[in-house]
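Shown next, in structure tokens, is the structure this report addresses.
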Amino acid sequence: MPHGAEREASPAEESAGTRPLTGEEYLESLRDAREVYLDGSRVKDVTAHPAFHNPARMTARLYDSLHDPAQKAVLTAPTDAGDGFTHRFFTAPRSVDDLVKDQAAIASWARKSYGWMGRSPDYKASFLGTLGANADFYEPFADNARRWYRESQEKVLYWNHAFLHPPVDRSLPADEVGDVFIHVERETDAGLVVSGAKVVATGSALTHAAFISHWGLPIKDRKFALVATVPMDADGLKVICRPSYSANAATTGSPFDNPLSSRLDENDAILVLDQVLIPWENVFVYGNLGKVHLLAGQSGMIERATFHGCTRLAVKLEFIAGLLAKALDITGAKDFRGVQTRLGEVLAWRNLFWSLSDAAARNPVPWKNGTLLPNPQAGMAYRWFMQIGYPRVLEIVQQDVASGLMYVNSSTEDFRNPETGPYLEKYLRGSDGAGAVERVKVMKLLWDAVGSDFGGRHELYERNYSGNHENTRIELLLSQTASGKLDSYMDFAQACMDEYDLDGWTAPDLESFHAMRSASRDLLGGL
């Protein structure tokens, strides 16, 4: 278990079984020796720094909800590796009902961030929740898989992942960029000494551990064949963050001016491993060139991650649809027919992603040891549709709200200034008696969602996090080719073609009307 996530159970807790961390325990677990760097300095305490304080509290809300009697029925289930309770998605589903309840738990947590936390703790449960049923895949490290399945359930541990190699030269295989890509430098009795870098470690500063793996083109050198987890406070692990939207909001704005970015920034980072010792008990795959390439296809992680992502995006689109409707209302544009058609389109995208999430839950495929996976075809359809659907929704917002997104004052202080406040109340008011503050509040929230640095980052995320725009299409083709479905579609088309030829219908119950056509030709030939 990551050092920072340890806690002692009281006698009452021990008799009652294990339980997830509370929000305060989660925050305390982050106060360790992790090396997080931002703006040229090491962050001493991520729970107190303006870049991470509010995002950490938004995550703490999730942990606290697991202990709320009013929410436990939706969010939690008994652990299947012990005698406590956990977030439902950390367990392996064995029925359609389990998956439908998993969907509800994912959606419930997503609503607490209005759909804007793509990497909440349950996201990596897409992997952790497979480790019990699929432990044998990780031989000779199967016991590690079973232990992490149990421990992640018991505490609802928060993992990030970093699979991608730094794109220093995408034309070269990993073996030829060995000084950059994660690789094992040496083996010791205590574990593997590892160096290199991984991207993009979204939200990693506020997690308990990093999950690293080779991902991409085949490799030839076993030192790159590594799948493992690293505690965030491991010696030699460094987190180098991108600019913080939360810190910028705290410095130059306010919650009113930056209502999303000031509390929901999942900071993306570079993970640097400099001679990091990874204990053997934290290794899942090492040195097996074949197995490391099978991880995506045989771990069950992709099917579960797309199920989680599709459900979260459906929630997010409900938020955007509601906010867009408020913006159209407050600008007096809601009754224009063209505007109504495009709001209807946004609702159609919302319905599409909920339908794909429902299809994934209600049409699962059998998997290992009596467990089920969400339907992979629904998941692959989601991965493609999100790449065109989310940008289209943003385009509609920009098209129909238009300059209203920029027709705002710079700061809340403008309303308090007696020289500008009265003018703003007069010239920035909304329709149907809405005051200027109400109108600007809507527009600033919408701008943060679609036009700010935070909003732009989210568009990039939704477009790319589940695969590049070509792979999502190719993988659909390869999947349906391998399963024989594409052949069956071709056979279906051929069945139609087999019912006719140059001489007419070959089906005995259909009439080709040869005599009628012959008479018609004779008639036309006489003209």
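A Cβ is built for glycine as well, from the same backbone N, Cα and C atoms used for every other residue.
When the candidates THR91, THR130, THR202 are compared with the FAD site entry in Swiss-Prot, which names HIS161, ALA162, PHE163, PRO167, VAL168, ASP169, ARG170, the shared residue is THR202.
Of the candidate ranges 1-22, 463-484, Swiss-Prot annotates residues 1-22 with the feature region 'Disordered'. Within 10 Å of its Cβ, the residue among the binding-site residues ALA162, VAL168 with the fewest other Cβ atoms is VAL168.
The local packing around ASP169 (FAD binding site), expressed as other Cβ atoms within 10 Å of its Cβ over all shown chains, amounts to 11.
Local packing around the Cβ, expressed as the count of other Cβ atoms within 10 angstroms, is greatest for HIS161 among the binding-site residues HIS161, ARG170. Within the set HIS161, ALA162, PHE163, PRO167, VAL168, ASP169, ARG170, THR202 that the record links to FAD, no two Cα atoms are more than 22 Å apart, and one pair reaches that distance. Summary for the binding-site residues PHE163, PRO167: the Cβ-based neighbour count within 10 Å is maximal at PHE163.
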